[in-house]
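Input: a single structure, listed below in structure tokens.
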Amino acid sequence: MGIKGLSQLIADLAPFAVKEGEIKNFFGRKVAIDASMCLYQFLIAVRAEGAQLTSVDGETTSHLMGTFYRTIRLLENGIKPVYVFDGKPPDLKSGELTKRAEKREEAQKALDKATEAGVTEDIDKFNRRLVKVTKQHSNEAKELLKLMGVPYVDAPCEAEAQCAALVKGGKVYATATEDMDALTFGSNILLRHLTFSEARKMPVQEFNYDKILQGLELTRDEFIDLCILLGCDYCDSIRGIGPKKAVELINKHRTIEKILENLDTKKYVVPENWNYQQARVLFKEPEVANPEEVELKWGEPDEEGLVKYLCGDRQFNEDRIRAGAKKILKTKSTATQGRLDSFFKVLPSTPNPKRKIEDKKTPASKKAKTTGGKPGRKPK
């Protein structure tokens, strides 16, 4: 879900924090990509006659098709992608996951009715709502990335948090995801629509975290509280408080505790046993791997390995797979070209005078499994 209404709020109150551009603008950049979000996009978008692509055994291959060609597109535009996969979801997310399961049950019932009635449009709509990224989808995508020579990271917990940690640690330039909570985790740069197909003609949106805080006149802690008020994956929000009211309350009281002390509870319903404090800690100190211990290597593709993996039972066209492997190999020759700004030292941005001095805590750190470089190499 991400953060409800945050992108529109930023567009309204801090428009200078967002810029739109083409994919080629990120030539020479290393980008951490939310893998689950990508696979979900591919499972929904890569279809034939309303159904997902499958192997001869009926196994879904849409996610592999999307990963292969979309990654090649990124590489051809000079981007070095690293895919970050979700680990175990935090306990606080159980409520959100239950809601999603209930929605899928409702979609299944609606699909059964649509199938019985023979309404093709509704069948396609409810089929898409039933899409879920499984562990098998993720494992198959990881094997494909290894054969392509593209690194990936197994996050110990939330992928967006790990992406943000890689950005803050200087390992990559940005986080690429559609979920706005990458900003709540503190990613300096968030890219949306980076992995969309060319056919959709959607410009890449680049969100700048420091400029967002400047535009909203908030500290990092206040921004996290704002995101919790807007609605996140880890706890309910106060019923009746929309985006504008949330900003107004944070600007006036600065913390959720102060808001609760002054809130008109007859007008606004506070969730029972509201665990906003645990959600706050999760955003401030997420369970992530130490970026310094994450090694990222981009290697050469294993053409024969790709043909063996994707053709045959999975029914990919061999000529196209070989052509794709050659495209990846060709990008290696341009990979040595850096961006002009990489030759200069980047000075830290001038801090907003309204931002307070905050207690800097080191995030809880775990080892992440990483792979890449030589094809076929197993995660450590």
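Quick reminder: no glycine exception, Cβ is built from N, Cα and C everywhere.
What Swiss-Prot records for 1-104 is region 'N-domain'. Here Swiss-Prot flags Asp34, Asp86, Glu158, Glu160 as Mg(2+) 1 binding site. Swiss-Prot lists Arg47, Arg70, Glu158, Gly231, Asp233 with the feature DNA binding site, giving sequence analysis as the kind of evidence. Per Swiss-Prot, the feature region 'I-domain' maps to 122-253. Under the heading Mg(2+) 2 binding site, Swiss-Prot lists Asp179, Asp181, Asp233. Annotated region 'Interaction with PCNA' per Swiss-Prot: 336-344, in sequence order, evidence recorded as sequence analysis. According to Swiss-Prot, the region 'Disordered' annotation covers 342-380. Annotation comment: Swiss-Prot describes 363-380 as compositional bias 'Basic residues'.
Compute the center of the Cβ atoms of Asp34, Asp86, Glu158, Glu160, which mark the site for Mg(2+) 1; besides them, the chain residues with Cβ within 8 Å of that center are Ser36, Met37, Val84, Ala155, Ala159, Ala161, Gln162, Cys163, Thr177, Asp179, Ala182.
Cβ neighbour count for Asp86 (Mg(2+) 1 binding site): 21 (other Cβ atoms within 10 Å of its Cβ, all protein chains included).
A 10 Å radius around the C-alpha of Asp233 (DNA binding site) takes in these binding-site residues out of Asp34, Asp86, Glu158, Glu160, Asp181, in sequence order: Asp181. Rounded to a whole number, the C-alpha distance linking Gly231 (DNA binding site) with Asp179 (Mg(2+) 2 binding site) is 13 angstrom.
Its Cβ placed at the centre, Asp181 (Mg(2+) 2 binding site) has 22 other Cβ atoms within 10 Å.
Looking only at other Cβ atoms within 10 Å, the busiest spot among the binding-site residues Glu160, Asp179, Asp233 turns out to be Glu160. Annotated pair Arg70 (DNA binding site) and Asp34 (Mg(2+) 1 binding site), C-alpha to C-alpha distance, rounded: 14 Å. On the 0 to 100 pLDDT scale, the region 'N-domain' (1-104) averages 87 in the predicted structure.
When the Cα atoms are compared, Glu160 (Mg(2+) 1 binding site) and Asp179 (Mg(2+) 2 binding site) turn out to be 8 Å apart. A gap of 11 Å separates the Cα atoms of Glu158 (Mg(2+) 1 binding site) and Asp181 (Mg(2+) 2 binding site). Long-range Cβ neighbours of Asp34 (Mg(2+) 1 binding site) (same chain, at least 6 residues apart, Cβ-Cβ under 8 Å): Val84, Ala159, Glu160, Cys163, Thr175, Ala176, Thr177, Glu178, Asp179, Ala182. Asp181 (Mg(2+) 2 binding site) sits 14 Å from Asp86 (Mg(2+) 1 binding site), counting Cα to Cα. Each of the binding-site residues Arg70, Glu158, Gly231 was scored by the number of other CB atoms within 10 Å of its CB, and the largest score is that of Glu158.
Following the DSSP three-state reduction, the secondary structure of Asp34 (Mg(2+) 1 binding site) is strand. Mapped onto three states, the DSSP output places Gly231 (DNA binding site) in coil.
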